[in-house]
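Q: Here it is, the structure, as structure tokens.
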Amino acid sequence: MGEAAMRPGQPLFASRGQSLVRTFTPFYFLVEPLDVLSVRGASVIMNCSAQCETPPRIEWKKDGSFLNLVSDDRRQLLPDGSLLINSVVHSKHNKPDEGYYQCVATVDSLGTIVSRTAKLTVAGLPRFTSQPEPTSVYRGGSAVLGCEVTAELAPLLRWERERQALPPEPRLLQLPGGALLLTNASDTDAGLYRCALDTGGAPKYSDEAELKILPGTHCCSRLVLLKPPSSLSRLPGQSALFPCVAAGVPPPLIRWTRNDEELPTDGSGRFQLLPGGVLEIRDVVEADAGTFTCIAESGNDTLEAQAELTVQVPPTFLKRPANIYAHESMDIVFECEVTGKPTPTVKWVKNGDVVIPSDYFKIVKEHNLQVLGLVKSDEGFYQCIAENDVGNAQAGAQLIILDLDVAIPTLPPTSLTSATNDHLAPATAGPLPSAPRDVVATLVSTRFIRLTWRPPASDPQGDNLTYSIFYTKEGINRERVENTSRPGETQVMIQNLMPETVYVFRVVAQNRHGPGESSAPLKVATQPEVQLPGPAPNIRAFSGSPTTVTVTWETPLSGNGDIQNYKLYYMEKGQHTEQDVEVAGLAHTVTGLKKFTEYSFRVVAYNKHGPGVSTHDVVVRTLSDVPSAPPRNLTLEARNSKSILLQWQPPPAGTHSGQITGYKIRYRKASRKSDVTESVAGTQLSQLIEGLERGTEYSFRVAAMTINGTGPATDWVSAETFESDLDESRVPEVPSSLHVRPLVTSIVVSWTPPENQDVVVRGYAIGYGIGSPHAQTIKVDYKQRYYTIENLDPSSHYVITLKAFNNVGEGIPLYESAVTRPHSVPDPSPMMPPVGVQASILSHDTIRITWADNSLPKNQKITDARFYTVRWKTNIPANTKYKTANATTLSYLVTGLKPNTLYEFSVMVTKGRRSSTWSMTAHGTTFELVPTSPPKDVTVVSKEGKPRTIIVNWQPPSEANGKITGYIIYYSTDVNAEIHDWVIEPVVGNRLTHQIQELTLDTPYFFKIQARNSKGMGPMSEAVQFRTPKASGSAGKGSRPLDLGPDYKPPLGGSNSPHGSPTSPLDSNMLLVIIVSVGVITIVIVVIVAVFCTRRTTSHQKKKRAACKSVNGSHKYKGNSKDVKPPDLWIHHERLELKPIDKSPDPNPIMTDTPIPRNSQDITPVDNSMDSNIHQRRNSYRGHESEDSMSTLAGRRGMRPKMMMPFDSQPPQQSVRNTPSTDTMPAASAVPSAELAEPEGPFLPAEEEPQGPPTAHVRPSHPLKSFAVPAVPPAGGPFDPALPSTPLLTQQAPGHPLHAVKTASIGTLGRTRPPMPVVVPSAPEVQETTRMLEDSESSYEPDELTKEMAHLEGLMKDLNAITTA
């Protein structure tokens, strides 16, 4: 009945302050008017009753206008508020009473509410839309007498027979439209029938129609539908009748379905089948809506008829509006949710007047009413009125606006918007804040404004203040309010404003006592909104060809500014990437599209502000075309002597270019290429070509077709028909073999066909089962030769049979049995990888890998059949190739590795079918090895501007096998000379270039280089030849003279001085005599002192090394042409030989001259401490090189750099000549003190070789010859340091030959006399001289001194001969 605007029994709210809060007043309808159907002249009452504390005033509206009931004599207001209409007036041209009525209740000081709208329908003038017609029916049959009236008159219609009212009888049923259904006709039903309309006053009758009853039944009359069902619309709770009257012999059976589901019509539910096939639905619900189908069946005849049932639902409320308290300037929302079918429309009424949406009254979320910026006049009753085609309903709520000093009582949170439901705590007495200061708009946009301000002067901190921002359009007195979100915040964003509009803002601060003063109003205008174009209307797309689509559109209706251009976007259906093209006009044709493919198109218009709104997508498919590719996988199969089966696949996707409508087959005999036959197949993918000649080869090709034509054909494929047809008059013979292979849950069966190939085999039948082959049977194609029987039981005995079959029957079976394998239970525990993998380096190419296996017992003893796999590779990121090897123990020796290379190793263990993962890796670097290849790319060039200086360049050896620590350059003018006769130049470190100075001009030189690392010297490079440039004139200042021959005698005249010196011949001779005399005297003194010192020599001092280098000048002469450079002078004596001079008592000298061992007794092994110290110093050297690291010949002649060799090193083998001889050993050269003070030249480390004593190369005074200290091979017995020194001239035993070494001098090149150097007149330092004397003294026995003195006498004679000459 009535819908309450405010339910009674609402509590009264009082504020926690002093004043009471006004309460909501119950004001609602007890009774609301309902829809009424009336007839002309009748009286109608529209009921209405309202409830309120103050009796309301009731008024009525008709069609939205108030009725003046005071002066109306036919319509009057009853005391309870109902409306009485006497004698309804209704005519064709005058219908004053028909319409929509609404009851309006008003309480003057409170407000107004309106009721639902009720419809008064007046039945029209009695009129029949169809009249009954004479009908005949067989006895027991059904008949329908038509009498149709309008829907509103249908309830007023009744039937008469022979002008008497029809008695109520189940066989007689009045249908919804008014027609009469008569079932199971009998003779008593015959007569005259008419229908009558009772609309008040005299009834109106239709024409009369006679119903005849025919005797007996006709043999078989055709099935017809006398009254098919018609669609209905019903409300929930009403009933619905669907007629389905059928006639025919035999009598038809009627059944019903709804939405293709059979309906139960046994009468137990709401669906009932009435006589005559009428379906009655009682108490219709919304779920009953759908399509009802009546099916009439008579003999072999069936007829169907359908009708729709529509269930309409009047509006009902899911959520009613709630009463709301609010303050002025707040925003509120009345919520209202409704449902119904059709979907109801909602309108809002305030105090009886319809609310028209505006800027401040908005319908949000379809049905809710939002009121913005409340003012006092907004108080009252708000009603939500929902309406659809079948009814309407209303529900209301009251809005009360409280004073600002009255707190809002707690209500459901939906009553206020989020912007205004904060800071509503009750106020207490106390000082209020002053006005906020400096209110400014810091950001102004088209639809929002940001305001900022400073706290009031009364509370400069403002931490506990909240703020309300009131704003309104200029000229409008309705203010809205926005509150800050947290205390102390001094900015707010006001949103949802209108563009290009002036707003007035003011800010009010509020503390716990209440709101304070308002700030001065601030006017701000929002910015104008940029007008972008709207969507282009009437976009259309059509395909003009298989690859083009034309798109057209019209100019957008909206948009500020002229359209500059358009952008057309298109995309293939199913793809995700759009393409676009710029267009100036209103149409564009897109080309290059795929054939018969769907594309979507849309258009965006651009003006000066940018892109506008896009149109909706239009989809169009390009036109079809002939296929662009032939069919795939054409195969031929000769079926018999007259037919071949063709099979193929469609063309690839994307090449169909349309719907494939069929395939065209062309074939010909292979021998007659011009005679082609065509055959058109459907869309199937195979075709049997029959009627061919036997034993003939045919070629076939297939092409796909669309409605546009035929596409490209396949290549010709050939097949040959059989020579004779196979026999199918008997069953096939037994297959020639059958093999089975059992697995755990399957058996693989393979076979070969029967040996007799003349009988047709259509396929094979496989039978199998446990113990019997007849449990299951599978048939396979005749071409198949194997089959896998799946889903078998493990460990089961299966019997399998195989039979070939054709159309006659199955042949003789072949039997086989098999036992499936048992289930293998995998070991649940995975193998653990080996641990503790270690790499022990054994040599330059061998590393031992060891590991432990945690899955073994503690003793690590392997008792099972496990094995280990070792893998290794070089530790280079680019190298991913492993080498592997298997081992059955816990170690493995990896050989064949590269020297000085880092390898990584890992191990895995395998046991049976299980393997572990790879272990953690171990790393190891192989030891270094001597270089196994020579330096590469040796080149020699002349230095520009210095023709006697050359530069040697080279590249490191490709197989260095370690870090290169130095190079040795060998050079000679004789490429065939022994290598120890070549001059050597050491190069320290890994430098790849070296300069050699003071060479002879216009002379061919040969150069070789060998590299060395910590392990020793590598092979030499091939000899490289270089000829020095020719002389460009006489030798100038400081230039060295040309190298002279070995037999050259200096001229007596001074004009040909070897150095071009300006001194006279007499000066030269005198200088020479002085130099030689001083040298001889020095040697004599040294020899005498040495004889005495030898006596005191200890066995440890005998082991020391002595110098073997000859020097005769200081480096101060180097490059100085003004000083006279004395010539090198070697004086040979056949019988003179010096013992080795031990120059340093230090057991581990850094600078050690190379000793010249005489025999095996002179060599003593080095103790360990000395050995370790030498190792530490191996890669260091004492002394310095010249500025640009070059070795000049003048320097070599003036001062010889000592070659420093560790005790445990050995020189290149090329320097030793193991020639058996009993000749004397070369003497060591005495070294002047200058050499100790400032040595020059690099220290060249050598490789360790414990077997032999150390030796060293030294530079000779001649640029092309050298002498070398020989290596003494290891003696047969151990070294005995206690043995006495043996004189050098003692005859050796034949089994121990001495090693003779070639030496050379200027005067005696090629002879083998031991040389003796002449020492320059530069006295040694005191300490050094004493040491030399001591060593010399201790080196000679008394009988040896006699021999040495004889030698000295010969030496003096030679000196005199030179001086007199």
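Including glycine, each Cβ sits where the backbone N, Cα and C put it.
TrEMBL labels come from automatic prediction, so no person has curated them.
This is the feature table in TrEMBL:
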- 1054-1063: compositional bias 'Polar residues' (COMPBIAS)
- 1157-1172: compositional bias 'Polar residues' (COMPBIAS)
- 1210-1224: compositional bias 'Polar residues' (COMPBIAS)
- 26-121: domain 'Ig-like' (DOMAIN)
- 126-195: domain 'Ig-like' (DOMAIN)
- 203-310: domain 'Ig-like' (DOMAIN)
- 315-400: domain 'Ig-like' (DOMAIN)
- 435-529: domain 'Fibronectin type-III' (DOMAIN)
- 535-625: domain 'Fibronectin type-III' (DOMAIN)
- 630-724: domain 'Fibronectin type-III' (DOMAIN)
- 734-827: domain 'Fibronectin type-III' (DOMAIN)
- 833-929: domain 'Fibronectin type-III' (DOMAIN)
- 934-1031: domain 'Fibronectin type-III' (DOMAIN)
- 1027-1063: region 'Disordered' (REGION)
- 1140-1172: region 'Disordered' (REGION)
- 1201-1259: region 'Disordered' (REGION)
- 1070-1094: transmembrane segment (TRANSMEM)
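Please situate the listed features within the shown structure.
A: Mean per-residue pLDDT, taken over the domain 'Fibronectin type-III' (630-724), amounts to 88.
With DSSP states grouped into helix (H, G, I), strand (E, B) and coil, the domain 'Fibronectin type-III' (734-827) comes out at 0 helix, 51 strand, 43 coil.
Note on the domain 'Fibronectin type-III' (833-929): DSSP counts are 0 helix, 46 strand, 51 coil.
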Q: DSSP-wise, what's the residue breakdown of the domain 'Fibronectin type-III' (535-625) into helix, strand and coil?
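A: Tallied per class, the domain 'Fibronectin type-III' (535-625) gives 0 helix, 47 strand, 44 coil.
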Q: Report the DSSP secondary-structure composition of the domain 'Fibronectin type-III' (630-724) as helix, strand and coil residue counts.
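A: Helix, strand, coil within the domain 'Fibronectin type-III' (630-724): 0 helix, 49 strand, 46 coil.
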